[in-house]
Amino acid sequence: MTGTGIIAIAAAISAFTGIGAGIGISLATGKAVEGIARQPEAAGSIRTSLLLGAALAEATAIYGLVVALVLVFLKMG
Amino acid sequence: MGEKLTHAMEPHNVFTMNLFGLKIPVSDLVVTMWVIMAVMIILAVFLTRKLTLIPNKRQNIAEIVVEFINNMVKDAIGPHYWKAFAPYLGTVILFLIFANTVSIFNIIPGGEEGFKLRPPTRNINVTLCLAVMSICVVIYAGIRYKGVGGWLKSFAKPTPVMLPFNILDYLIKPASLALRLFGNILGAFIVMELIYMALPVFAPAFLSLYFDLFDGILQAYVFMFLTSIYISEALE
């Protein structure tokens, strides 16, 4: 196996960070929908905290993306 | 294809500025930001000319924007201190909205080699600079409203054991702000470039709604929102 192939596989592995972000955001959204269904008048504040939580959970996936991009574009040349 | 993508991603020099014998290369990121600044300044002057008590059409737009920003900052920072931070946060969100969505304003056909408006936030230096500015505002908020002593004491809260983590906080916060914005915009930018290469006819019109408009505006909002959360943390 060449070095390029190993780098490609490493970049593919770093894309697995999406799993965690997906589970996290889906859990948060599910709970937020439950909360809004139970208490529709609190929808505004629930939406704000959901957006913040989703942004923080998404960050891990973005770090994976950045690592994959660095591997592909800087190491492969 | 990879070369084309790398060429689109990387900043390239537009011209070299000659300042007192120093040769300063000016990249297309800087030129794009100049264009955005010019548009924002012209819009600001145009929308706020001849302010009256009963707003006309132009003044209504300006009032909607300012009130939207003020309400968001008031919600996040609280009713006491929001006035000091609303101008900075509003400037950041407006600049980021323009910067992230600038690629949809690419109306001048420039061909392959010509100058193209591409989001300047696809480069990590731009986002890191914005994040460092934000953390400077956070530190300023802590010192301004709690005094130097109170700000230094806040490092040892809730217990002195937390001191290294509180110091690390000031490094991790700007890094995460910068990487989040950079990663999102670059990711969306690469996906759009790939779509332009693969299906240049019909698909970009709809997909650009999500990748350019929605993602760009959401990330601008998230950046501003997180900055205001950090400021309100520093004020506690």
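Each position is counted from 1, following the chain as shown.
Backbone N, Cα and C define each Cβ position, glycine as well.
TrEMBL labels come from automatic prediction, so no person has curated them.
Positions annotated as transmembrane segment by TrEMBL: A:6-29, A:50-74. What TrEMBL lists as domain 'V-ATPase proteolipid subunit C-like' is A:9-71. Annotation comment: TrEMBL describes A:GLU58 as site 'Reversibly protonated during proton transport'.
Helix first, then strand, then coil: DSSP counts for the domain 'V-ATPase proteolipid subunit C-like' (A:9-71) stand at 60 helix, 0 strand, 3 coil. For the transmembrane segment (A:50-74), the list of distant contacts is 7-8, 10-12, 14-18, 20-22, 24-25, 28-29, 32: same-chain residues at least six beyond its ends, Cβ to Cβ under 8 Å.
Its Cβ taken as reference, A:GLU58 (site 'Reversibly protonated during proton transport') is surrounded by 20 other Cβ atoms within 10 Å in the chains shown.
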